[in-house]
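Taken from Swiss-Prot as is:
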type: REGION; residues: 1-27; note: region 'Disordered'
type: COMPBIAS; residues: 1-14; note: compositional bias 'Polar residues'
type: DOMAIN; residues: 40-117; note: domain 'GIY-YIG'
type: DOMAIN; residues: 227-262; note: domain 'UVR'
C-alpha cells in the first residue's frame, strides 16, 4: 500500500533533464554534476554504468547531502570501484524518509544491483489452517493467501516443521485431515481412524459437540496455551486412572505425550517472548548467514537460514538492515524483531514496518536476560550453517587432499576419527568418536564410550581421553590386528591442545601404533572460530588461514564430535535423573515394563493396582504379579 502511495509523489530528475549539463563519462565528475540538480528532499537514488545496468540503490533523508558524500575521499575499495563505474544516476523523491526506505528495499529486490546486499532466497512460509466452513473442521498445511473462514497459525520455518506438528496434533486431538469430498462420501472409518489419528466424524464415531471441543483445544494449544491444556489432560488422566478406566487413561496419556513431543521438537521455547522473529547474523570472510527463528504464541515454529550476497567490507549493521528491509517486503511482520546486531536506522525501520503491519513493531537488540540467550542461539546456528555451507562448497575429495597437505600426510585420508569428551564436574562422563570418510560423515561408524565412576579421576580430561583411546585401540588390535578390514583410522583429530595430544601419544606408544598421525585441535586464546591452533606430538602449535576451506572442514568435524559427545552425555544424565521403580523389580524387563505402562498409564498407577488387575496384564504371570504387588506394598 505504501509503495502505490509513493508512486504518486515521486519525481524523476535523472540525467535526461534538458537544462542539465552533459556530465563526464564516469566517476566523480558524474556525481559532482548531478549535485547541481538536487535539493534536500528525501528519496532514493540509483547509480548506473555505461550500459544502464544498476550498480547500486540507496535511500537518503537528504538526497543532496547523501550523494555529496560520494565526492569526498576515504571510501573502501568496493565503493571506489562502484564510483569509477558510475556513468549515470537517477533520483526519485519521496515525501518521507520512511517511504524512501520501503522503496529502496523494493527496488533492490527488483533490480538486484551489483553492490547492494541482496537477499537471494525469497521463499514463502507455510501455516497450519483450521477450516471453519464445515461442521467438522479440517486441520491441514496451508500456503498462500490467508483468507476465508479459517484460523491460521504460523508461519512455520519449513514444510517439515508443519508436518511434524500436524502429526503430533492429530495424535493428540484426533482431528480429520481429509478433504470435504472424501468426508462426505465415507461409509466406514478410514485408516486414520484405525491408527488412532482421527476420531471418525465422517461415520458418526464422535458427536459434533465433542469434536468442537477437540478443535477448540487444538486452537488453544497453537495459540500458546499448551501448559494449561496439558494440565487439564493430566487431571483427566488421573481421574480416569483412579476410576479404573484404564483404557481412557492410556488414551489421555498418549495425547499428553504427543503434545510434549511437539514442544520438545521446537528446541528453544521462550517463556517471555510471545510473538517475535529472532534474527542472528554471522559474517565471515565476505560471506554471511542470517538465521531466523519464528516465535509465535510463545512457541518456536522452527528456524530457517539465509545467505544474502555481501561484500567483505560490509558491516554487520549494514547487512542486518538490508536483510530486514528485503525479508519483510512481502511477509507478515511480527510485533517484535529481536536482533543480534544494531542497525543504523532502527527507529526509522520500526516506523516503516509498523506502517506496513498497521500496528506497532518493535526492534530490539537485547543486552541481558532470556532474549540475549535466544539471540546467541540464532547466531550460533548461523555460524554453524555458514561453516557447513563453506565446507560443502568444495568437493569432499578436495577437502581430504587439503587435510593431507595441511598435516603432512602421505595421501588423503580415507578414515578420520575425531574424539571429544563430555561431562559435568566428572559426572556422567562419556567419550564420543565420529568418523569422516570420502563420502562424508560415516554415522554407522560412530562410537560412544561410557566412562565408569572410578575409571579415571573425576574431571580429569586427559585421563578420560586416555581411557577412550585405550579402549578403542585395544579393540582394534583384537578385532583387526593386520589392518585389513578398513577399521583403522588414517588420522586422529583430538579436541584439545598439547596436553590431550601428549596423553593420546602415551596410549599410542603403549599399543605400538605410533605410526597413526594425530592432531590436536584447540581454540585460540579468545576461543573464536577461525583462530584454531593445531598440535602434533613434539611440535609447536600452528594455524591455518582463516578463509581456508580446510579450516571450516576441520571445524565442522570438531563440532560434530562435540554434538555427538554432549548428546550422549545428556542422554546418560537424563537416564540417571529419571529412575523408574519398575526397573528395580526382578523379572520386569523392557517388554513387561511396556505392557504394564500401556495397561495402567504410569508407574504410579501400577503401584496402586490390586493383585487381580496386575494378573490381567498381558505377559504378566500370576507369580510375577505377586512379586510386583509385594514390591510396592513394602515400599
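Just so you know, glycine gets a Cβ as well, placed from its N, Cα and C.
Look at the domain 'GIY-YIG' (40-117): DSSP puts its residues at 33 helix, 19 strand, 26 coil. Helix, strand and coil counts from DSSP across the domain 'UVR' (227-262) read 33 helix, 0 strand, 3 coil.
Mean model confidence of the domain 'UVR' (227-262) amounts to 82 (pLDDT, 0 to 100 scale).
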